[in-house]
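Feature list (source: TrEMBL):
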- 1-20: signal peptide (SIGNAL)
- 37-163: domain 'DOMON' (DOMAIN)
- 170-369: domain 'Cytochrome b561' (DOMAIN)
- 209-230: transmembrane segment (TRANSMEM)
- 242-264: transmembrane segment (TRANSMEM)
- 276-297: transmembrane segment (TRANSMEM)
- 309-329: transmembrane segment (TRANSMEM)
- 341-362: transmembrane segment (TRANSMEM)
Amino acid sequence: MSPSLLLFLFLGSWVTSATARCTFTKTYKKCVTLPTQEASLAWTYHPLNATLDLAFSGSFISPSGWIAWGLNPDAPAMTGAHAIVAFSDPTSGGLILLPFVLDPSVKLQRAPLLSRPFGLHLLSSSAVLRGAPSARAGAEVQIFATLKLSPNRTRLHHVWNRGLYVQGYSPTIHPTAPSDLASRATIDIASTASEVTPPAPDALPSAHAALNAASWGFLLPAGVAVARYLRQRTSLGPSWFYAHAATQILGFLLGTAGFAMGIIMGSRSPGVEYGLHRGLGVAAFVAGGLQSAALLFRPKTTNRYRKYWKSYHHFVGYGCAVLGVVNVFQGMEVMGLGSSYWKLAYCLALSTLVGVCVALEVNSWVVFCRKAEEEKAAVTREGGGVESHHQVVKGKA
C-alpha cells in the first residue's frame, strides 16, 4: 500500500471521528461533556432559520430531587437565567418539566420559587428518564428543547444544577459545594468553543467548618466538663479554674473567627440562605459573648448575689455548648458532609468526650453516695455513744 493511500485513509478516519454524531435518545451533530455533575450537552444548530435543537443529560441525587438546565441571555451566572426543571410530579409520580426564571428578586428559601414562562423563544421542551422507571438517586434524565435564536448569535451562556428536594412544585436550594456553584459554561454552538467557569476555591468553607467544629463543637463543651468535674478535686486548688478559663477563651476566639467566616460566606452568596444554621450560629455566638461579659461582673464569693450569678453562668454555659454541638451537625448537613469521614472523626471525638463525662459523672455520684453513707454512719455512731453515756450516768445515779 502506497504512503499516499495510507495518508488518505488516516485523514479520512480522523475526519469521520471528528464529525461523529453524539446520540442521546435522539441524534445530534455536536456534543460536549460539561465540567460538573457528570452532565453533558448535545445539539444541532440550523443556521438557515437560527433554530437550535438541544439535549441536556444529568442525574438525580435523590428520589425527591430536581434537575435543571437553562440559558442566561446576559452573563454566565444563575441570577437572570431562564431554566426548565425536571422532577417527579407530587400528584401523579410521573416526570414533569416546568419553566422558571431566576431573576435578581428571587430569594431561595425565603419564598417558594414559582414557575414562570421561559422568557426566551422556547418552541418546545420535554424530558425523559433513562434506565429507571421512576426518579431515584443516580437516575439519568434527558431534557430536550428547541429554541429560536437571534440571527448570528451562537455564543450561549448555559447553566445547570440539581437539588435534593421539591416542595410541591417549587424546587428548593441546590447544594453549595464548589462544583455546584460552578455549574455554568459559555459555549459557541457553531464552533463548539467553550469558556468554563473554574470551581471556586473551597478554603473558606473548609476553614469555617474546621474552626467551628473545634471551637463550638468541642472546646467549649470540654471547658464545661473541666469546670464541672475538676473543681471537685481539692488537691488541684485553683488550677481547675485556670484550665476552664483558658479552654473557654480559646474556644470562643476560634469560634468568633469561624463565625466571621460564615458572615463573609453569606455575603458572597446572595439569595442562598440556611435559616436554621444561621439562627443557631447567632444564638451560640450571643451566648458565648454573654459568658465572656459575665466574667467582668463576677461577684465575690461572699456577695449575696453570687448564687444568682452562678445559676446564670451555668445555664448560659450549658445552653451555649448544646447549641454549638447541634449547629456543627447542622453545618455538616448544609455542606453535604452527612456521610463523610469528617463527620465520623467529629463523632468519635465528641463521643470520647461524652464517655469521659459519663465516667466522671458516675464517679462523682459514687463518691457523693459514699460520703453520705459515711456521714450517716458517723452520726449513728455519735448518737449511739451519747445514748450509752446517758445510760451510764443514769445507772450511777
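Backbone N, Cα and C define each Cβ position, glycine as well.
Regional average pLDDT for the domain 'Cytochrome b561' (170-369) in the model is 82. Per-class residue totals from DSSP over the domain 'DOMON' (37-163), listed helix then strand then coil: 0 helix, 66 strand, 61 coil.
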